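Here's the structure, in structure tokens; my notes come after.
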Amino acid sequence: MMDNVSKLTIFTLSGLHEIANYRVTLFVLTLLCYCVIWLINLAIIVTIIMDKSLHEPMYIFLCNLRINGLYGTAGFYPKFLIDLLSTFHVISYAGCLLQGFVLHSSACADFSILVLMAYDRYVAICRPLVYHSVMTTQRVCASIFFAWLIPLYLVFMGSITTARSRLCGSHIPKIYCINFLVGKLACTTSIANVIIPAFNYTFYFLHVMFIAWSYMYLIRKCLISSENRSKFMQTCLPHLICLIIVVVSLLFDLLYMRFGSQTLSQNVKNFMAMEFLLVPPIINPLIYGFKLTQIRNRIIQFLTGKRI
């Protein structure tokens, strides 16, 4: 037992003790995976920034979505790579809170930006005549600002309440830190520790509901117009697929963390914990790169030197 939180300096992480025999191999594979994540996300970001014809709301939102992907994975992979080559898997108290903040805020920012992309497609397809008057440069910039600010603020408030909790343990049963698991180590549960996470979950659940409603409305509108149907398949379908991947990956981990069986092998638990940091950062930019014609053509043009 610890008298107060100030005496806690490190947390121990679990999940990596069973990989001692092949940790070098896993290190190489993880490093390769992280390099691929940087390569494909950076390719889309640089392409959008450098090509002025892509300086449109849809691509600007996409650029921020991919930046957020790099931000979120930076909160996990460097520390995980170090742990793979270490005998002792520990993280400092401040580092644990920082890692939890980065992972939570990145997940929340994903939904904020996906909301903007869904609204952008709604206006483009359902109200094309007023698109340029609605999606002005000022509104796009303001939307992006708040899409980053609100998640950072909400998660920061949650991290502050977690940091102020008096803890009675130092073991995190996961390969990385999140606020929920740190909060479970608290000796007592405060009202703030219940209300703030509940508000955040509700707030972003409403984000998902709004996105789902907007795409259902778009699908219904597109069924009666071949032109709109073509627009939907070209620009909306990638967003919808990426939303499904993000939601399923997060729910996979969240539901298991709260209701999952403890009889599963540690390797399976580790994969489930890593899934939302592995699948969306790789698959989503590939979907955008292959499906969005302008981005695909610009990347091919850059690689081959031929105009398309």
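Using the three backbone atoms N, Cα and C, a Cβ is placed for every residue, glycine included.
A TrEMBL annotation is a machine prediction, not a hand-curated record.
Now, the feature entries from TrEMBL:
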type: TRANSMEM; residues: 20-46; note: transmembrane segment
type: DOMAIN; residues: 40-288; note: domain 'G-protein coupled receptors family 1 profile'
type: TRANSMEM; residues: 97-119; note: transmembrane segment
type: TRANSMEM; residues: 140-160; note: transmembrane segment
type: TRANSMEM; residues: 201-219; note: transmembrane segment
type: TRANSMEM; residues: 240-259; note: transmembrane segment
type: TRANSMEM; residues: 271-290; note: transmembrane segment
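Below 8 angstroms of C-beta separation, residues 15, 33, 36-37, 40-41, 43-44, 62, 65-66, 69-70, 72-73, 76-77, 103, 107, 110, 174-176, 238, 241-242, 245-246, 249-250, 252-253, 256, 260, 296, 299 of the same chain, each at least six residues beyond the ends of the transmembrane segment (271-290), sit close to that stretch. Regional average pLDDT for the domain 'G-protein coupled receptors family 1 profile' (40-288) in the model is 86.
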